[in-house]
Structures are given as C-alpha cells and as structure tokens.
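Participant: Can you keep this structure in mind? I'll have questions shortly.
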Amino acid sequence: MTNIATPRRLDASVFVAKNFAEAIYLTDTSYNVTKQCVDDVIQVSEDMIAGKDYAIQMFDAAGKIPPGVLEGNYQWIGSSDECRDVNDIMMNGTTINGEYCLLFLPLAGGASTLQYGLCLPDSCEDNDVLELVNRGLVTLAIPGLQVIDVHCTQDYELTTGAIITIVISTLLCLFIVVGTSLDFYIYYKYKKKEEIQKDEFHVGNGAVTTGLHGLDETSPLIKSPSYSPDNLLEMLNYLRTFSFQAILNGTVSVDTFFLLSGLLVTYLTLKELESGRQINWIIFYVHRYWRKWYFGMTAIVTFLCGCFAATAALTVEYGIPVNMLQSPYKNVTDPTAGFAQTYTKPYTRIAPYLVGMVVGYLLVKTKGKIKIPTVVNLICWVAAWAVAIAVVYGLHGTYNGKTLSLPVNVFYATVFRFAWAVAVGWLIFACITGHGGPINAFLSWKAWIPLSRLTYSTYLIHLIVQYTYLYAGDRLVHISHLNMTYSFIASMALSYSLAFVFSIMAEAPMMRLEKIVLNKIKRE
C-alpha cells in the first residue's frame, strides 16, 4: 500500500487534532488527560500528515457523515474492525494499537442522540477521550454540543465464571463422546437391539398435550430481534403499520409459556395425587388443600388480585405508557425503570400462570371430556378470538395519533396479559375436550412434535443467537420487510439447530437421569 495523503491534500481536521492535542496538554493542566494519550494522538496526527498507512487507516475507520441523515441515521459509527486491525505500530519507542471509541452526543435538546465512532491510540482511556473531544467542541461555539458518554472497546480476559462454564461444557462434551461410543460398542457387539433399553426424551406426553404441539412450537417465534438501523425514521413508520402490531405485542408469547407451565404443573401434579401413589408430606398437604377446591380457587383469585394491584400501582407510579413510542405520563429520571419493574417481576407476570393452573384443574376434574352446547362453544370461540385480537392489535390507533387517557392506559397494562392467557386457555381447553375442530387438527399435526420438544431450549438460545449476530458486526442494519423476513427465518433456523444440539447434550440426558432417580425413590 502506498502513501495516499500529503499535507496539502489531507483534511484540515488532522492539523487541528495535532495542534489541539499539543495545546490542551501544554497550556491547560486542569483537564484530566494522560500525557501518553496526548503524545500518541500527536504522533498519529503527524504520521497522518506524513501519509503513513496505519494513520490513514485509523482516520478511515472513524465515522463519516453517511447517507440517510434525514431518515434518522444519527449513528456515524465508522468501522471498529478496521480500527482494531491497527496493531503493534512502533513509533519512537512506543507501541500504538488502534482503539475504537463510540461517542454519544445529545441532539435537539436530548430528543435524539448522535453516535460517532473514533479510532484513537489504545493509550487513551474513556475519560481521556471525553476530555479531549469536549475541549475541542468548545471551539465550535455550538450551544449544548458536548459528549455525554464514551465507550471504548477493550480486550476482556476470561472471568472465573466463563472459565468454569468452558470446563463444564468440555466435560459434558467428553461424556457425550464416551457415552455414545460405549452405546455403539454394546449395540454392534451384541446385535440385539431389543435387549438395549431405549428411552424417549420428552415432556408432557399424554392426553393433556394433544393439540398443544403447534401452540408450544410457535410461542418463542413471535418475537423479533432488535436492530441498530440506518433508517430510524423509516423504521418508525413500520411500527405504525397494522401488521407490525403482532411484533410490538409479541411479548405475550412469553405469557403463553407461563400459561402452559402453570397448566402442566397443576395437571400432572393432580393426576399424580389422584393415582394414589406414595408421596411426601409436602405433596400430601397440597393434595389436602386442593381437595377443597374452593380454597385453591380463593388462593388463585387472591394472587390474581395482588398481581393486578401491583401492575396498576407500578404503571401509575412510573407513568408507563403501553405505547412504546409515547413519552411517560409523568417526568421520571429513568424512563426504562418502570418497564423493568413491570416486565421482569413475578408479581406482575403471575396472572397467566394462575390461569394455566385453573385450566389444568378443570382438565383433571372433567377428565378431558365435557359436552359443550354448539352455541356456547361458538360464543366462547368468538370471544376468545376477539380478546386475542384486541390484545395484539388494539393499540394500533395509539401509534397513529391517538393518546390513551391514564386510566385506560392503566387498565390495559393491568389486564392484557391476563386476557391473553384466558383466550389461549380457552383454546387449550376446547382442543383437549374435543371442541377445537380444524384448529385442534392443525395444532395436533404430528409435524409439530419434534419442534415442540425443542421449544424451551430454543427460547433460551434464540436471544443469544440474535445478539451475537447484531453485536458481531460493525455495520448498521437497513430496515425493510425483506431484510427483517430474511433475518427472522435465519434466526429461527439457527436457533432450532442449536437447540437440538443443546437438547441432546444437556436437556434429554438430565431428564433421563431425573427419571431414573425418581423411579428408584418411588420403588424404595
């Protein structure tokens, strides 16, 4: 590579950077900038003027004004990979390595934030960069223009937890190889397949899961990955479309998981209790209380009311809007704090689990067989569909100019997860009791079974897959229907593939071991 720059052709900002770095260190000692950082910045600036390749590469890796600014592209991030490719440059007895730093500058009174990437010597810490850049911005005399935060990339060493995880994973892989090899050896040595005990690895097999395979398989797939788009304003237009409401409100798929969990735990526990098998004292007392169904239902209603009260109180306290684009109803220091309090806490998310418990109880009591008049069945199906559609698409108007009053906002935030669970709970109950019609036929399709057994593993893995893809690259994503569809399909395929590997490595063996241990305990 030849020198491609000369002092006459190089951008004037290089001269400014050099002179400024010298001035800030020599004339103003009030700024907390290390001497080594200043010296290296001066050295890189001089080498850039001289047209040295590594310095030009660092300049090229910095952010530039991109196209699409009017579409909301305020992320001028440059190239972190190109910056970090600058390694072991010896200059005047000092080794210079490229360090990528991302700067955050609020715009329009904080309504948006400009993200700007710089490639600097790795001797500069976050605070050095903050001081240098803000000192330089003062000379521009633009009111309010300053860097509020800096994140510089660093090479992190493996933590103790990471090392332990790697060791355990390695041992697990070793066990799998040894166990599989031993299994093949025994099989091919004796050639008696029928003498080898074979086990099926699955959960919830039986009448209660009939009609649930398709429902369970689709639960983790409704969610969409997060993006750093280069067309933010265009993305906001997508958010306002009717079809995109299924993505925005896709978090109720998590509540479907909670519903199924409560249903299966209750159903399988009660079936175990009814079988008359010997159980421990804790389960015995649970059985005693469940025999008094009114006590159990009272407890569920009490927990449900507590969930409603907690959700409503937190929504009012933090002024949390159900529309993600709307500003909070009250001024709060951290707009995300309310979301964390209502989305991740069990006392605000337990309602679907309780609904699942009720459905499981009803299935045990009716033994999955109940005669429902055609008219009543039709009314229940229409009501369930209406509720589900209202939960998913009911906020469409709020994304297109309509603002909910605070009481209506609180009501929706309080009951929408419960309402979704009731709708899905009816679907499960109707399908299992023989009133699902074509919906039951679709959800009972045997093709869903292999995927449904991987659902939980997929749920655990899919975010890792998506974030790895997003954070591994150093380019922005252009939002479009085609790109999002492609990303969704690729993410789904990779997530299920890795879930299969995880299942045969950990989930299935652990379930088999649990079965062996529990059977031994029961026999004793």
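The backbone N, Cα and C atoms fix where each Cβ goes, and this holds for glycine too.
Features from TrEMBL:
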DOMAIN    34-151  domain 'Nose resistant-to-fluoxetine protein N-terminal'
TRANSMEM  162-188  transmembrane segment
TRANSMEM  293-316  transmembrane segment
TRANSMEM  347-364  transmembrane segment
TRANSMEM  376-395  transmembrane segment
TRANSMEM  415-433  transmembrane segment
TRANSMEM  454-472  transmembrane segment
TRANSMEM  484-506  transmembrane segment
Participant: Run through the domain 'Nose resistant-to-fluoxetine protein N-terminal' (34-151) and tell me, per DSSP, how many residues are helix, strand and coil.
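Facilitator: Residue counts for the domain 'Nose resistant-to-fluoxetine protein N-terminal' (34-151) by secondary structure: 48 helix, 31 strand, 39 coil.
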Participant: Should anything in the same chain at least six residues away from the transmembrane segment (376-395) have a Cβ under 8 Å from its Cβ atoms, list it; otherwise answer none.
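Facilitator: Residues 242, 245-246, 248-249, 252, 322-323, 412, 416, 419-420, 422-424, 426-427, 430, 435 contact the transmembrane segment (376-395) from elsewhere in the chain.
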Participant: Among 162-188, 293-316, 454-472, which stretch has the highest count of C-beta pairs below 8 Å with the transmembrane segment (415-433)?
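Facilitator: Between the stretches 162-188, 293-316, 454-472, 293-316 has the largest tally.
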